[in-house]
């Protein structure tokens, strides 16, 4: 039992702003156990009486391996009143859906046959009285099996026992009716079926990883298939941890050296018990389950079957030749089929537009997380998929929008803010390539590990805000550089702790704003004037820059969704980069704006003694 939440609305919310909803899932299962259930022995009549119609009779019989059919008989029905002998017999579970049971309405003696009952399991039998109150009904129950004796029965049985031992499953010999497998039990054949009704092909299970294994067929390259008897392969998925993946079965007809003619190979994959009489008219179903039919022929030599989350059971594959002109025609036909069976977490690794994820805690199971609007078991359903042109447009918008940092870098270099220009260059580079790697479709390019690109993008963005606000504070150079280094170190630490937390960006912003406000207030009080003093600075630089920054924050925090992410986040890039170009303060008036280039390129500098000029007498 697994609980999943419905698909989210797609709104991208900053972690810490909204309160996440907490869901709890506590399943309860109540089991009502019948302790006085009657155990039936094969070919042994059991006389029973139902004295109270409200209390049905519960019985069970163990179905051993190689049981082709279960024959059930109810006879000798007697009633203590004049009411008719009306009984309802349920073979199988009385509470599970109708496909897991067979119901017989008996008015006197009746019988029924279950073809291909589940092997190595207890079969419950429920008998209910349909007569009125006060009616006592006595009757006799009898069950027998049609036993299918395989070729090389002893070798197959020993292989099956060793396989069960390797999986720590109980041995068939430890069950009450296991004697039916050999000796006199195998000779019992009340329905007249051939004693040799199947030909086994041993299979070895190879565990690879969690919900990942491979079945290797022993013997030749392929499985030889005949008209009679059918070939049978056993795939053990009964470990209790195998139903969380995808079962993949592939059949390939070997057409080299084999003459199939007009015949075809008909196959049936079923759980719990095999289909021992394979033909197109009977269908591919057992007593309580519908199997999965496949067909390969000369015109269609390959067939693939994919079963997500297979049932925890032993799975059986039956292979048999079918001829359109009768069984006699199949005597001339020969076929060999290559069987490839594996259990993988996700089929085809979820394809190009998906990612296979291991879910669950105590019980592991895998599932595909699809991208770019794709859906389905393996992300192959394209009804709502994004076109390739849209994917390319999204990549170009998210990457090229970072080029709006070039004006901010130019302004920083012009005003001799070399540290700020270096941080903006770092941010522009890693933001560009992070978004080129973060795309869900095929327009993806990763120059580094994804986690490294993501960290550098987030780190560069927050440090850019930090150094910009400190630059606006116009602090002393020593204090400014100390705060830049300390802030950068703390930002790196906080991003490592929680990369998407709201305080990773809000914290440095608030601290830097407090420092800037304190510095501006100090200058205003000292000069007894508003700071910055120029109204042109406020009107043409600070107010537009602050407006752009506020709009960018609103877009980032409240408007972004998964559907509009590629253009809303591009707007965020443009607004933030533009606001930085407006907010950067001018350089020192005593410093030539382009003096930094001369200092970097010139090897020699003529020094001037300012102290001598200061005390010079003219």
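Just so it is clear, glycine is given a Cβ too, placed from its N, Cα and C backbone atoms.
Automated prediction, rather than curation, is the source of TrEMBL annotations.
Residues 2, 209-215, 237, 241-248, 306, 308-310, 386, 391, 440-442 of the same chain lie 6 or more positions beyond the ends of the domain 'EGF-like' (342-380) yet place their CB under 8 Å from a CB of it. Sequence annotations record features per position, and here TrEMBL assigns domain 'EGF-like' to 342-380.
Feature annotation from TrEMBL assigns disulfide bond to 346-356 (among others).
A simple way to gauge crowding: the CB of residue 379 (disulfide bond) has 26 other CB atoms within 10 angstroms, across all the protein chains here. According to TrEMBL, the disulfide bond annotation covers 370-379 (among others).
Away from its own ends, the transmembrane segment (392-416) comes close to residues 386, 424-425, 427-428, 431-433, 435-436, 438-439, 441, 443-444, 566-567, 569-571, 573-574, 577-578, 580-581, 584-588, 591, 593-596 of its chain (Cβ-Cβ under 8 Å, at least six residues beyond either end). Here TrEMBL flags 392-416 (among others) as transmembrane segment.
The transmembrane segment feature in TrEMBL is assigned to 503-526 (among others).
Note on the transmembrane segment (538-559): residues 13-14, 17, 532, 568-569, 571-572, 575-576, 578-583 of its chain, located 6 or more positions outside it, place their CB under 8 angstroms from a CB of the stretch. Summarising the annotation, TrEMBL assigns transmembrane segment to 538-559 (among others).
Feature annotation from TrEMBL assigns transmembrane segment to 565-584 (among others).
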Using a Cβ cut-off of under 8 Å, list the residues of the same chain at least 6 residues beyond the transmembrane segment (503-526) that approach it.
16, 458, 461-462, 465-466, 469-470, 472-475, 483, 487, 490-491, 494-495, 532
Cβ contacts within 10 Å for residue 370 (disulfide bond), all chains included, total 22
Candidates 346, 356 (disulfide-bonded residues); min other-Cβ count within 10 Å returns 356
Between the Cα atoms of residue 370 (disulfide bond) and residue 356 (disulfide bond), find the distance and write it as a whole number of Å.
9
